[in-house]
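Undergrad: To start, I am sharing the structure in question, which I have written as structure tokens.
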Amino acid sequence: LIQVYVKAKECSEQLSAEEFAILLGKHFTSFYPQVFTAIVKIVEKPWERISVNGQPHEHGFKLGSEKHKTEAIVQKSGVLQLTSGVEGLSLLKTTQSGFEGFIRDKYTALPETRERMLATEVTASWRYSYEFVSSIPQKSLYFNEQYLNVKKALVDTFFGPPERGVYSASVQSTLLQMAKAVLGRFSDISSVKLKMPNIHFLPVNISSKDHGSIVKFNDDVYLPTDEPHGSIEASLSRFWSKM
């Protein structure tokens, strides 16, 4: 742990989490003869400056929600495996979402709907195609820029254009489109993995003898309040995305 602090102190300029992970990997594999491979994992927690009465506070911060994660596997030979990602990215759309056209059998209890809320917490990771430490871009904070751009691609695909949005046929369909958008826009990303649990916000039937009905849409979906949150997960590689 002390060596991590020392290497951070030795940095003459700001580094991205990815660059610092690679730097540490190079240090441990070159400094110790017995170390052939170093696996370095970093989680960057987003501290955000707070405002008081509309004025940015000089020294006040709050911890944001989603986290920037990276893992660098560095070998003594210079071979590199670099993965980045985001965790805890909470997203919600209040309309333009449904769940219909799915296969039905005797065990199917869920009715179809074209109008529901879609809420999820995105966990995404993407693998960069750089195979050697020497091949990574030399542009300052390149991976910080890529992280923000990939996150923007995920969010933009989830919501669609601001004036009209985009219809989501299912969480699975939206997840696939998000993964394909990342591979289509970033040539140095070879694969992407997304995990998106379906967080439900369902109407609650509170009808009683005193309150015979509640406001609802005709196609509202009512499910038990103890329904588990389903988790949707998929991986997509650049080869598969071209099929």
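Each Cβ is built from the backbone N, Cα and C atoms, and glycine gets one as well.
Below are the features I grabbed from TrEMBL:
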| type | residues | note |
| --- | --- | --- |
| BINDING | Phe99, Arg116, Val171, Gln172, Asn198 | urate binding site |
| BINDING | Phe99, Arg116, Val171, Gln172, Asn198 | 5-hydroxyisourate binding site |
| BINDING | Asn198 | O2 binding site |
Undergrad: Would you count the other C-beta atoms found within 10 angstroms of the C-beta of Asn198 (urate binding site) for me?
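TA: Excluding its own Cβ, the number within 10 Å is 18.
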Undergrad: Quick one: give me the count of other CB atoms within 10 A of the CB of Phe99 (urate binding site).
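TA: I get 20 for this one.
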Undergrad: Using only the residues recorded as binding 5-hydroxyisourate (Phe99, Arg116, Val171, Gln172, Asn198), report the maximum Cα-Cα distance in Å, whole number please.
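TA: Farthest-apart Cα atoms in Phe99, Arg116, Val171, Gln172, Asn198 are separated by 15 Å.
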